Amino acid sequence: MSYFADLILPLPLDNRFTYSLTQEEAEFIQPGMRLAVQFGKNRVYTGIVAEIHQNPPEVYEAKPIHQILDEIPLLTREQLTFWHWIASYYLCAEGDVMRAALPGAFLLESESIVKLVKDAPPDTEELNDDEYLVVEALQRQSSMKIQEIEQLLDRKKVLPVINKLVAKNLVDLNQEIYEQFKPKQLRYVRLNPAYEAESEMHQLLDDLSRAPKQREILLSYFSITAQSKRPLKVKNLLEESGASNSILKSLIDKNIFEEFFEETDRVVFSGEISQHEIHLNKIQQEAFDEIQENFRQDQVCLLHGVTSSGKTEIYIKLIEEVINKGKQALYLLPEIALTTQLIKRLQNFFGDKVLVYHSKYSVNERVEIYKKVMDNSEKGKIIIGARSCIFLPFQDLGLIVVDEEHESTFKQFDPAPRYHARDAAVVLANMFKANIVLGSATPSIESYFNAEHNKYSLVELTRRFGNVLMPEVEIVDIKTAHRKKKMTGHFSERLIAEIRESLKEEEQVILFQNRRGFSPILECNTCGHSPQCPNCDVSLTYHSHNNQLRCHYCGYHIAMQHQCMACGSNEVSTKGFGTEQVETELKALFPKHKIGRMDQDTTRGKHGYEKIIQAFEDHETDILIGTQMLTKGLDFRKVSLVGIMNADNLLNFPDFRAHERSFQLMLQVAGRSGRTKKRGKVLIQTYNPHHQIIQQVSTGDYSEMYKEQLEDRYQYQYPPYFRLIRLTLKCRDYSKTNEAAEWLARALENVFDRYVLGPEFPPVARIRNEYYKNILIKIPQKQSLGKTKKMVHRILNSFKAIGAYRSVRVVVNVDPQ
Ligand code: ADP
Ligand code: ZN
Ligand code: ZN
């Protein structure tokens, strides 16, 4: 009998790859385990077993595997099914999904590490020259990478040499894979239970009367443990008693104390549960009951609740229900960095049951969380995090909450898999028969459409919690204001007056400007030239804090220029404005007030956001200026005014979703105003005061916006009426990009006819010296999605077979955002 395993390799391969197994291996290995295998000439990868069977591959000879890396599967069956779904829906390789889904520590590969086997004295006579060299080198340095061995032997094919050494049991391969993840261990002590009875305790203290330092430690131990029942860390005990480790050690040696070690949870909850109950008000309770009712009918539920209506409280209640049943809950957010407030709210209620999965966490931290979710441990019942959380190894998922479901950051843009976490979450929930609620104050048109057409159920909350009024919106026509000279820089008289008023009342202000940097573009007043990035087709952006011109696409930068690079004129000026400029102008207008700025430039580093948010929460800053980061679910108590500096650059964005996005963004920023008793105010500065979106924001009229946008979408054949697949060709050669794009577009037109648009250069047609060209495929509702994708796949394969286009890459984006 021969046995085979189909493996998913972390590579963009169309298919799984088959390896041969011995019978012994086949009996041990299960789907979901990792194997180290050779792929290509001399590279070793970690592969995931997808299937074990007895059919040899037809077109190649199956190679044996190198090593089994797991004793139990690292992936669940559900994960394997889910990966497969993502790969086929989003037209990418399972290997792409694998890379996105597993923490890096699980994926060690050909940077593989070779080590000498311990206690194996090399019998040098049996070694050939190469083998000898490797062994000798390994005696000097404890481990080597494959590449280092290639250098040592001065050739590419070193795996056979290593194979021989492995066979002679002289070296180990990839041991590091086991050792990569080292849980951080903490040392604890406890009193030997034999001394716990009071009489024993007194006896012990008496016995120790001649060892005062040891007695001191013991007394400290009693005093700490009397206050808290938690396990006592050695570190704390030593700190409290002022004793040294050696004194403690003598107590351990005498068997008075026992020491023990536990893996620490790097991602810890430090506080106490401070909120034990949540009382929903009548409206919330009705919404909650409705959601539960929809859940019973296995419906995806869309919760449309205005900002500050108390959606979070409802989510908490829903989560409580499922974890009381012992199930897991997943809370998905568009961006984890901004959610300190929310995490605190959840922890106040659920304590250390909440696990945060953060892309900024170290590899080890992520591995820890992965394992907890896998174990379905008490501490891992509620997982909160951004899109990649959907890849965790859930055991018994009961509920998914997708908060701010309209946010486009749920869609991964680069690299593949280009999945939409909200949509994938719906599939995931279905796999587990779990419930799912999508929540937003401004639902995406797609989700609302699904609710309207009974694909989802709809629950609405139209009032703010505590009957706080929705903020009053005022539109300021800055075209007229400019003409009447009623502007100071980018501030209208109205905005200045309102800011002054708020500050006088000791309230806080948020100003929103949808662009970072100072003045995006430098322009020559004589010839109109603006400095361009040499690698990309964009103008460089001016950053005042370091006096640089920078490219936002590739990072290229030069010093600020005071002379035109084209004509030499000294008359250069900056056009457009960003957050930095708003800050500078504001400081001049309100020199006595503290101003904070939150954008990509000020929030680098792990705690960048937290500091800025905390300072604003603590009212150390009076005015906070920011980009769309400010829109995301922040709950500040003392903000009475929100100013939108310029609504127009949102509206004029060349994209079919620009209007929907502008509406969502403005309404969300507006929602930061007046979240407590006093009615808040929102001021929108615009050149187009009569624009329908501005009007709809001012009345908070979601359904009007929805109706109007839907008509446009229908007329111009966009989602939700049509599905989209966008193909982007990338190549360093301009004419080759054009030729290849023509070829591909013609091939697609042969099948899809008038539903193929382009090829067309995007607004930024060259990035990092690569030319970009887009082709858009529109898929009518009645056309089969599966068949369409198969066809696209087939055409792409023919394309890839053309030698002349080898240097052209094609990026496939299903449901582009
Ligand atoms: P949303 O998520 O809909 O924007 P939040 O859940 O942040 O709204 O609620 C807005 C504010 O009202 C929060 O400060 C929240 O603590 C408070 N709140 C909402 N519901 C309740 C409730 N049932 N009991 C007490 N406070 C509540
Ligand atoms: Zn010039
Ligand atoms: Zn550039």
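Cβ coordinates are placed from backbone N, Cα and C, and glycine is handled just like the others.
As annotated by TrEMBL, domain 'Helicase ATP-binding' applies to 292-461.
Here TrEMBL flags CYS524, CYS527, CYS564, CYS567 as Zn(2+) 1 binding site. Taking Cβ-Cβ distances under 8 Å and a sequence separation of 6 or more, the neighbours of CYS524 (Zn(2+) 1 binding site) in its chain are SER530, CYS564, ALA566, CYS567, SER569, GLU571, VAL572. A strand conformation is recorded for CYS524 (Zn(2+) 1 binding site) in the three-state DSSP classification.
Feature annotation from TrEMBL assigns Zn(2+) 2 binding site to CYS533, CYS536, CYS551, CYS554. Cβ-based neighbour count (10 Å, all protein chains) for CYS536 (Zn(2+) 2 binding site) stands at 21.
The domain 'Helicase C-terminal' annotation in TrEMBL covers 559-714.
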Filtered by Cβ under 8 Å and at least 6 apart in sequence, the residues in the chain of CYS527 (Zn(2+) 1 binding site) near it are CYS564, ALA566, CYS567, SER569
Listed in sequence order, the binding-site residues from CYS524, CYS551, CYS554, CYS564, CYS567 whose CB sits under 6 Å from ligand 2 are CYS524, CYS564, CYS567
In this structure, the one of the binding-site residues CYS551, CYS564, CYS567 whose CB has the fewest other CB atoms within 10 Å is CYS567
Near Zn(2+) 2: residues not in CYS533, CYS536, CYS551, CYS554 with Cβ within 8 Å of the site Cβ centroid are PRO534, ASN535, VAL538, LEU540, HIS552, TYR553, GLY555, TYR556, ILE767, ARG768
Students should find that the Cβ of CYS554 (Zn(2+) 2 binding site) has, within 10 Å, a number of other Cβ atoms equal to 15
Cβ proximity for CYS533 (Zn(2+) 2 binding site), under 8 A, sequence spacing 6+, ordered by residue number, returns SER539, LEU540, CYS551, TYR553, CYS554, TYR556
Distance filter, Cβ under 6 Å of ligand 3; input binding-site residues CYS524, CYS527, CYS533, CYS536, CYS564, CYS567; output CYS533, CYS536
Counting only residues outside CYS524, CYS527, CYS564, CYS567 in the same chain, those with C-beta within 8 angstroms of the Zn(2+) 1 site's C-beta centroid are ASN525, THR526, GLY528, HIS529, MET565, ALA566, GLY568, SER569, GLU571, VAL572
